[in-house]
Amino acid sequence: MKLTQSAVLAFAASALAAPSSTTQQEPRKVAAACSSAVSLDASTNVFKKYTLHANKFYRDEVTAAVSALSDSSLASAAAAVADVGTFLWIDTIANIAKIEPALADVPCDHILGLVIYDLPGRDCAAKASNGELKVGEISKYKSQYIDPIVKLIKAYPNTAFALVIEPDSLPNLVTNADKDACKQSATGYRDGVSYALKNLNLPNVVMYIDAGHGGWLGWDANLKPGAQELAKAYTSAGKPKQFRGISTNVAGWNAWDLSPGEFSTASDAKYNKCQNEKIYVTTFGAALKTAGMPNHAIIDTGRNGVTGLRKEWGDWCNVQGAGFGVRPTADTGTELADAFVWIKPGGESDGTSDTSANRYDSFCGKDDAFKPAPEAGTWNQEYFEDLIKNANPSF
């Protein structure tokens, strides 16, 4: 069955979270941090100067996974994944404590990627990645979540940070406004995102707000309202100087430049010309410019190495047969695309396939979803091994 536009409007695009004994690895050499304060120019592409840092938490997960491989022939490739720059998800108040340890080995020419992800009523159109804060707890979000992150970043002025702000939040308000949970969350989403953008506007930070993907806001009917929704957040935050644009395909599966697109033969494809992320970044970028917002983008290529796996464009959970995609690089070939980056840590689950679980979402039980799968953010060893086997390009 091909994806219909109405089906797209009913889903939340993604569920987001958190070496072997025979393999000898060289000790890691850690370069010195910057000797003076970092000042990022958000009017330029900072990824041309800075390398996305391979954070210690994903590195530790991968290292443990290498020792548990069911196929020893994957050891070398698996170990290489630990060296790939990947964003660190700060998806609970408790996980703010991960930031300082993650800073310990960041050299001066690297940038630490953080995902800001803890809005009240988080992921209003999906169950797998519902958060800890209830609808209405916006004061707690500000004082116990955003403010401590601001304080930490201010305490480390000699380190560069790239921030992805609240995946799925504003796109849900565009396409799932009819859902009661999203209606109830809307005020908190808008207030929270604006507060985050305003207060995280620090000299050593560059910020990108999440814009879903081409199969979400790329529909003809969603482009203008989507751009206006995001632009309102930017404007209400006082047009922060360190704001660069958008993140797309976060935890997603869309190809960058596949042509024709994966769902280009669907009966409703004529209503969505954004059949790959390259077209989406360009098309939505134009709408953002018209709406008065900076429009450069970073694109998550962490798990989009294989296409043609989903039965519908909206199938977002642990897609079976997926492979690691292009490694982080600023060489995108498109001016509006700052970089391909890994935002979703490959190997961490999108959501549980256990139908009895409180956070079970039916998308995680679909035919094209990998099973069994643990709770969102939990490590899935077998899935990680499949990502390595199917990596494109290979390791």
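Heads up, the Cβ atoms here are built off N, Cα and C, so glycines get one too.
Annotation source TrEMBL lists active site at ASP123.
In the shown protein chains, 28 other C-beta atoms lie within 10 A of the C-beta of ASP168 (active site, proton donor). The annotation active site, proton donor is assigned in TrEMBL to ASP168.
What TrEMBL records for ASP350 is active site, proton acceptor.
Within 10 Å of the C-beta of LYS344 (substrate binding site) there are 23 other C-beta atoms, taking all protein chains into account. Annotation comment: TrEMBL describes TRP89, ASP91, HIS213, TRP216, TRP316, LYS344, GLU348 as substrate binding site.
The signal peptide feature in TrEMBL is assigned to 1-17.
For ASP123 (active site), the count of additional Cβ atoms within 10 Å of its Cβ stands at 27 [all protein chains shown]. Cβ contacts within 10 Å of TRP216 (substrate binding site), excluding its own Cβ and spanning all protein chains shown: 31. HIS213 (substrate binding site) sits 15 Å from ASP123 (active site), counting Cα to Cα. For LYS344 (substrate binding site), the nearest neighbour among the listed active-site residues (ASP123, ASP168, ASP350), judged by C-alpha distance, is ASP350. GLU348 (substrate binding site) sits 18 Å from ASP168 (active site, proton donor), taking the Cα positions as reference. The two recorded residues, TRP89 (substrate binding site) and ASP350 (active site, proton acceptor), show a Cα separation of 13 Å.
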